[in-house]
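Enquirer: Dumping the structure here so I can ask a few things about it.
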Amino acid sequence: MMDVEETSSLPLPDAFLNFLNQHGLDPSIYTATDSTPRYIRLKPGYEDCLEEIETDIRCKLEKVCWLPNFYYLPPDVRIASSKAYQEGKMYGIDAASGAAVTALDISVGDHVLDLCSAPGAKLCMMLDILGSSGSVTGVDIAKHRLAACRTMLQKYGLSDHCRLFVADGTNFSLLPVRVRSDSPLQNENDEFASGENSEVYREWKSRRPWKERKKEAIAREKGVSKLFSPTQEPELIFYGRYSGVVGMRKNVLYQKMPISEVLQLGYDKVLVDAECTHDGSIKHVQKFEQWGWTTLERRVLDAERTDNLTVLQLQLLTNGFRLLRVGGVLVYSTCSLTFAQNEDVVERFLSENTSAELLEITAAKNWPCKSGRIQKTLRFDPLTSSTSGLFVAKFTKLAI
C-alpha cells in the first residue's frame with residue numbers, strides 16, 4: 001500500500017476524544033487521514049484501458065492485491081473530470097466496502113437484496129459480479145438518494161437486472177421475481193381488468209407517464225417530505241428489462257408471501273449496510289472541520305441518537321434476515337467502529353434468531369483487517385487496513 005510519510009493534523013475536539021475513549025477506540029486511527037488512499041473499481045473488461053486511464057488522470061493506478069478489479073491512488077487525486085469516469089469505465093468505492101460485497105459470495109443467477117442501497121457504489125459492484133442473470137433489488141428510504149443510484153446504474157450500463165424501491169428497510173417485504181422476464185412485452189392495446197393494481201409494467205422509459213409526473217408535481221407543491229413514510233407501500237422508481245418486473249401486474253409484484261414461501265423463495269444474498277454514526281469514515285469526520293464540531297456532537301456524539309440508531313440497525317438486520325431464503329447469505333456492515341453499533345447488535349440479533357448462524361469469511365484470509373470482538377467478525381480501520389473504517393459480519397439461515 002501507500003507509504004505513510006505524513007499524518008493528519010486533524011484537530012479532534014475533546015468531546016469526540018471522550019466518545020472514542022468511552023467506546024474503546026484508539027484516537028490514533030484518525031492520524032491516517034492524509035495517507036489513506038482513494039480507491040476505484042475498474043469495470044470488468046476495461047483492464048486494457050489502464051495505461052490510457054493513468055495518462056488521463058496523470059497518476060499511476062496501483063493494484064489492490066487482495067481485491068480483484070480494485071486500484072488505489074493518492075487521496076488528493078480527483079477522478080470526476082476524467083474521461084474514464086465520465087464514460088463509466090470506473091467508479092469510486094472504498095476497498096473495505098468492496099470487501100463487504102465480496103463477503104456475500106455472489107454467484108451468477110443469484111437474487112440479491114441491498115437493503116440500504118444509497119449512494120450506489122456497492123449496488124454497482126453487485127451487478128458487475130452478477131453478470132447476465134439473476135437480479136438485484138435496491139431499497140432506500142430517501143427517494144432523492146435512490147434516484148441518484150438510478151442515474152449511476154444507467155451511467156455504468158448496469159441497470160438491466162436491477163429494480164429500485166423507495167421503502168423503509170425495516171418493513172420492506174417484497175420477494176425477488178424468480179422467473180427471468182425476457183418474454184415479449186405486452187401489447188399496448190391488450191385489455192386487462194381495470195384499476196391501478198391491475199396495471200401491467202411495460203419496459204421502463206426515463207420519461208414517465210403524465211399521470212405519474214403530475215402526482216409528483218402535486219406532492220412537491222404540498223411540500224411532501226423526501227423521506228419515505230412507514231405507512232406507504234414501496235414505490236418502484238426503476239426496473240430493468242430483465243429484473244423480472246416487465247410484463248408483471250402490479251398486484252402480483254406487491255403481493256405478500258407467507259413465511260413458508262419466504263424460506264424457499266426469499267433472496268439468495270442480502271446486504272444490510274446499515275445507517276450509523278459514520279465515526280469510522282475518515283472522510284466523514286474530516287467534513288466536520290468545515291461543518292463545525294457542534295454538528296458532530298449532534299450527529300455522532302448524542303447518546304439518544306446513538307441509542308435510536310442501534311434499535312434501527314437491529315430492525316434492519318432482522319428484516320433483511322427475514323427476507324433471506326434458507327441457506328442464503330446475509331452480510332451486516334456499518335462504517336462505525338463502536339461496539340454498540342456492531343458486536344452488540346450482532347449478539348442481540350443472534351440471541352433473538354435461533355436460525356441465524358455466523359459464518360467465517362473465507363475470502364478474508366489475505367485481507368488487511370482485524371478480528372472483531374466476536375469470533376468470525378471483521379474490522380477494517382485506516383491504520384490497520386489503509387481503508388475507511390468498517391465492521392463486517394456474515395450470517396446464513398438454517399432450516400429449523
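Don't overthink the numbers, they just go from 1 along the chain as shown.
In case you wondered, yes, glycine gets a Cβ from its N, Cα and C as well.
According to TrEMBL:
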DOMAIN    25-398  domain 'SAM-dependent MTase RsmB/NOP-type'
BINDING   ASP140, ASP168, ASP273  S-adenosyl-L-methionine binding site
ACT_SITE  CYS335  active site, nucleophile
Enquirer: Please name which of the binding-site residues listed here, ASP140, ASP168, ASP273, is nearest in space to CYS335 (active site, nucleophile), Cα against Cα.
Expert: ASP273
Enquirer: Around ASP273 (S-adenosyl-L-methionine binding site), how many other C-beta atoms are within 10 angstroms of its C-beta?
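Expert: If we count other Cβ atoms within 10 Å of ASP273 (S-adenosyl-L-methionine binding site), we arrive at 22.
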Enquirer: Using the centroid of the Cβ atoms of ASP140, ASP168, ASP273 as reference, list every other same-chain residue with Cβ within 8 Å of it (recorded S-adenosyl-L-methionine site), in sequence order.
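Expert: Close Cβ neighbours, site residues excluded: LEU115, CYS116, SER117, ALA118, VAL139, ILE141, ALA167, GLY169, GLU275, LEU316.
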Enquirer: Looking at the recorded positions ASP140, ASP168, CYS335, which one has the fewest other Cβ atoms within 10 Å of its own Cβ?
Expert: ASP168
Enquirer: I'd like to know the mean pLDDT over the domain 'SAM-dependent MTase RsmB/NOP-type' (25-398).
Expert: 87
